[in-house]
């Protein structure tokens, strides 16, 4: 009643009707900016990791040349009626799916290692454009490839897109409210789920791997639209409780000006100060490295060996289901920050290493009788990995100063790739 009376008094004092709505306008603008940024970072996380996830989901098909014109190397010319490799219970490709993992990881690793040294000299907008172009190129190159070598070049493009985008967008979260970290993480989890599910669903429905990849060319366009059209500029809202002067110094990050030109930028820290910050991050980086080492050892080292002949699913279909269930777990846990926050991420690393040991033992001993038990373990693996990622970056955002946060977020994103 008091605020309503106050509004009426302001309206009667001014003699006009317009002033009644003016006090509500800033709050409405703040809410609009909040949801635009939340949606923007969720979509950026989705689009940035989409091509990377699809390439891992397509790894078995890439190496067996499924859908490649003029290549029938995956067809057994002999009289054996079984579609599987009769010489081994594992039904392996001659090249492990870990080859696709290396092509998907090494370029990202190089980008993340070099990022703290000079990537900040390139403004944000050109980085996003390069990321979008590389993502589109990866889908096209792998779709029309006639050899494993050319396909792996396409995977390298997906890696460049994902690595450059992750460094760029995680740095960008430092100048927005901390809530966008949760939205970004949820989006990256959504990329895993939707990427793996779309590849599984379209190929299961009868679409060739080639056409499936070409159908995903809208993803890079959505990434560019989200960055250039959906995100608000930092001066339109308070990036985390700072004053107006601080907001103003952060504004050039979305313009053509390089971020290092700001006098208070994280990138203007001395080498000694950067090293000190990095050493303080090791308690977060090391557990996340271990989590992702165990995950990738399972996903690209063991998945194709976890082969069950007593199901209606082909080997390629089993592999796609493993990838989809893992990504479903990642999406759920990366979206769980509002419900569950974990301070000691080293516990997640221990549990993930235990998962790795159990599945590795099953490869040797074959003691898991059903593929559905493996499905459950893989879903649990994804839950641990997603929780480690989102809680690591949330803890870093909470415990680093405004001056160091932008550098810290970019430096810590090497953890998953290094693992």
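Just so it is clear, glycine is given a Cβ too, placed from its N, Cα and C backbone atoms.
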371-390, 391-410 - the range that TrEMBL marks as transmembrane segment: 371-390
Per TrEMBL, the range holding region 'Disordered', considering 205-235, 236-266, 267-297: 236-266
12-32, 180-200 - the one TrEMBL records as transmembrane segment: 180-200
Tertiary contacts of the transmembrane segment (371-390) (same chain, 6+ residues out, Cβ under 8 Å): 181-182, 185-186, 188-189, 192, 287-288, 291-292, 295, 298, 306, 308, 311, 313, 318, 321-322, 325-337, 340, 342, 345, 348-349, 351-352, 355, 358-359, 362, 416
In contact by Cβ distance (the transmembrane segment (39-59), the transmembrane segment (95-115); 3 or more pairs under 8 Å): yes
Contact between the transmembrane segment (277-298) and the transmembrane segment (212-230) (at least 3 Cβ pairs under 8 Å, separation 6+): no
